[in-house]
Amino acid sequence: MDEKPEMELMSIPATPRLSTPEIQTPSGQRSPRPSSKEARSSTTRTPASRFISPIGTPMKKVLINMKGYLEDVGHLTKLNPQDAWLPITESRNGNAHYAAFHNLNAGIGFQALLVPVAFAFLGWSWGIISLTIAYFWQLYTLWILVQLHEAVPGKRYNRYVELAQAAFGERLGLWFALFPTVYLSAGTATALILIGGETMKLFFQIVCGPLCSSNPLSTIEWYLVFTSLCIVLSQLPNLNSIAGLSLIGAITAITYSTMVWVLSVSQPRPPSISYEPLSSPSFSASVLSILNALGIIAFAFRGHNLALEIQATMPSTFKHPAHVPMWRGAKVAYFFIAMCLFPVAIGGFWSYGNLMPQGGILNALYGFHIHDIPRGLLATTFLLVVFNCLSSFQIYSMPVFDSFEAGYTSRTNRPCSIWVRCGFRVFYGFISFFIGIALPFLSSIAGLLGGLTLPVTFAYPCFMWVLIKKPQKFSLNWYFNWSLGWLGIAFSLAFSIGGVWSMVNSGLKLKFFKPN
């Protein structure tokens, strides 16, 4: 009787071995296919036990592996293949340090030297209040832009115009954003050529002194020298490749801003100095002068048209989204911007009061203390301004280079060759040079520039936040952003009127520097 069960036990395993071939899981491991009896019994198990069954285990591993892949690789963002050919998005290895360098280079420069001019019309109290409000306002709108860069899952808004089109629509977004952003980039580049050329001329005069030749270069020839240097540096291929230049621009801007106000404060003040706001012959003239002064303060905070472009140079994943290093770098940059702007404005107005010339604090330092300050210090200050202008030209020109190459690649469906890219940049540099010659007063109309480009910094981000993020209607967030946006538009119109009046009133004769 014991032999029969023993034979049955020996014959039972033979059948499953032939009917359960092994299958390979996505992780590369092998697991047996369950028998029909096991499959029937699995239907009576609880849901928790199903996840540890031979079927549940491979599927769970697949899901875990896929989740890790998404976290490590990215958002499954739909990338435009053309972006790999364009200067702004060609390289995506940026980080928080690059963001700080680029934001500093874009956010501070020659416009900081003009802020004391605004104080001459506003006085102590309103000057400090206006500068403080503008600083925190633009810091809030910068935070908005950083957050909206990836507001829609699977989409990165790599350029300011792209975000405006997503918020306002294709046509309206193009009309609203294209003009002020191009005006900011091209207008600033042209102004930098004027300021850089004139500063090089003054640097040469200070260093050379009485030994200068009888036939020195004219101002236009100095513009040409500066433009040629800008064109040579512009051959760097993309935005990340100019991170070193942005670092140089940031260091030089911080250094010469500090030197200018320290040298001004350390010298005796003019005997006829006064801190009363400059008076005008009529009430309307006073109002327009104040509006122009507020426009100068608004122009001091530039660089928002480049925020999305800078963030586009960074990699972005679920674990490490791009807005984290971007905001970290931006906070550091704008801390240093505040450390430059406020001392220049307060120290410059304290040193010269309402005697501040229209060209700004550097003009005042040259005019009032050229014989009191060692020539080496003065020459170093002017040389730092030249270096900063060369660096700022590169980052403000990059969106224009990107537009040129985008038009070329969309028509030819291939990347720009080195010669085509070089040709675009040489063309743009000399176009800016000729515009500077035709409009030599451009560097003196900071109020008008501030008014025309103010929506890019102070208004449009608030509108875009409401239209894309869609906060609850009539909530505090909704009211706050709509109010800030429309207030920015109103200021833009008012400051533009004040800038035009100031430009006409001065007879288009203002110069950034007026050497004696």
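Backbone N, Cα and C define each Cβ position, glycine as well.
The compositional bias 'Polar residues' annotation in TrEMBL covers 17-34. Taken from TrEMBL, the feature domain 'Amino acid transporter transmembrane' applies to 93-504. TrEMBL lists 1-50 with the feature region 'Disordered'. What TrEMBL records for 108-129, 135-152, 172-195, 220-236, 243-263, 283-301, 332-353, 373-397, 418-439, 445-467, 479-504 is transmembrane segment.
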When counting C-beta pairs under 8 angstroms to the transmembrane segment (479-504), the leading stretch of 135-152, 283-301, 332-353, 373-397 is 283-301
Spatial neighbours of the transmembrane segment (172-195) far in sequence, C-beta under 8 Å, 6+ residues away: 109-110, 160-161, 163-166, 223, 226-227, 230, 302, 305, 385, 389, 392-393, 396-397, 399-400, 403, 432-433, 435-436, 439-440, 442-443, 449, 452-453, 455-456, 460, 512
The transmembrane segment (332-353) vs the transmembrane segment (445-467): 3 or more CB pairs under 8 Å: no
Take the transmembrane segment (108-129) and find every residue of the same chain, 6 or more past its ends, with a Cβ under 8 Å from one of its Cβ atoms. 191-192, 195, 249-250, 253-254, 257, 260, 275-278, 289-290, 292-294, 296-297, 299-300, 302, 336-337, 340-341, 344-346, 348-349, 352-358, 360-362, 364, 385, 388-389, 392, 443, 446, 512
Can at least 3 Cβ pairs under 8 A be found between the transmembrane segment (418-439) and the transmembrane segment (135-152), with each pair 6 or more apart in sequence? no
Excluding the flanking five residues on each side, which residues at least 6 beyond the ends of the transmembrane segment (135-152) place their CB within less than 8 Å of a CB in that stretch? 75, 160, 163, 166, 301, 304, 307-308, 311-312, 316, 321-323, 326-327, 330, 334, 338, 341, 457-458, 461-462, 464-465, 468-469, 484
Within the same chain, the residues 6 or more beyond the ends of the transmembrane segment (283-301) and with Cβ under 8 Å of it are 107, 111-112, 114-115, 117-122, 130-131, 134-135, 138, 341, 446-451, 453-454, 457-458, 491, 494-499, 501-502, 505
